[in-house]
Amino acid sequence: METLRQTDVIVQGVIFSIGMPAVSLACYAVIRLIRVDDITPVYVINVLLSDLLQVLIRPLLIQRVLERTDNNLSVRHFVFLLGLFGSVGFMFCITLERYVAVAHPLWYQKRHTIKRAVQICVVIWILILTITLLNEFLMNPQELNFRVYFMNSVLSLFVFMSLVMCYFGTWRKIRSVRSLPAQEKKRIMHLMGMVVGTYGVLFLPLCAVSAYMYVVQNFFFIPMYFASLLVQLNPMVDPFLYIFIRKDVNVRDHCCVTCLSC
């Protein structure tokens, strides 16, 4: 148990020390990419802001582990969940927006403006805030814990299946589009592939563990700990979205080669 505490402190410290500058720089870089004809950066910025919430709460999580106290636990948990749900929600927006842009280009060009994207983001933040408050309210009574785990796992699985459907729907549509340059097709599919892959690797294990705990009505600490640890690594991955929304293919490919050589 003490080893897990020490591991938790190290992981939280690494996430904060690396995630804070990485997410901040990515936010600045993505803001500079916003243009009238491409609103994907608007959703990416909201993903990064969600990550920023998760990163900023890390010192308080470290304090909780070191002092072994649950003071202000509800506040820490609420802020973390708000950032986590926000990250999931806007990753879904990125994938859905790319699918609509390819599958219904005329409708997309007429109706999807930066103003509309900002309005959508506001609505999503309201929904995320509502879901987070509901989750916090239901998690208080001990007898409802397993039910909440099940609800979260079902919601996570629904999001993942939706991401996969959007990915393959876009892939099927984009093959028949001749007016789109090959590099642009790759950029779109790489962006969507990263979103789906990130969600599958980091979030699905927690979904599976939560569903299993609901079925057997028993709490498994070690699997839950490591599944939660994967989810907490999310802010370390999302800044790479910047690479895949760049129009500059040479810079993007150079970034990929640099990352692989590290």
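Including glycine, each Cβ sits where the backbone N, Cα and C put it.
Remember, predicted model here, so these are calculated numbers, not experimental data.
Going by TrEMBL, these are the annotated features:
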TRANSMEM  12-31  transmembrane segment
DOMAIN    22-242  domain 'G-protein coupled receptors family 1 profile'
TRANSMEM  43-62  transmembrane segment
TRANSMEM  74-96  transmembrane segment
TRANSMEM  117-134  transmembrane segment
TRANSMEM  146-170  transmembrane segment
TRANSMEM  191-214  transmembrane segment
TRANSMEM  220-244  transmembrane segment
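In this chain, the transmembrane segment (146-170) lies out of contact with the transmembrane segment (220-244); the count of Cβ pairs under 8 Å, excluding pairs fewer than 6 apart in sequence, is fewer than 3. Same-chain residues lying 6 or more positions outside the transmembrane segment (74-96) and placing a CB less than 8 Å from one of its CB atoms are 40, 43-44, 46-47, 49-54, 56-57, 60-61, 64, 120-121, 124-125, 127-129, 131-133, 135-136, 139, 156, 159, 162-163, 166-167, 191-192, 195-196, 198-199, 203, 231, 234-235, 238, 241. Within the chain, the transmembrane segment (146-170) has long-range Cβ neighbours (under 8 A, six or more residues past its boundaries) at 88, 91-92, 95-96, 98-99, 102-103, 135, 138-139, 188-189, 192-193, 195-196, 199-200, 203-204, 206-208, 210-211, 213-214, 217.
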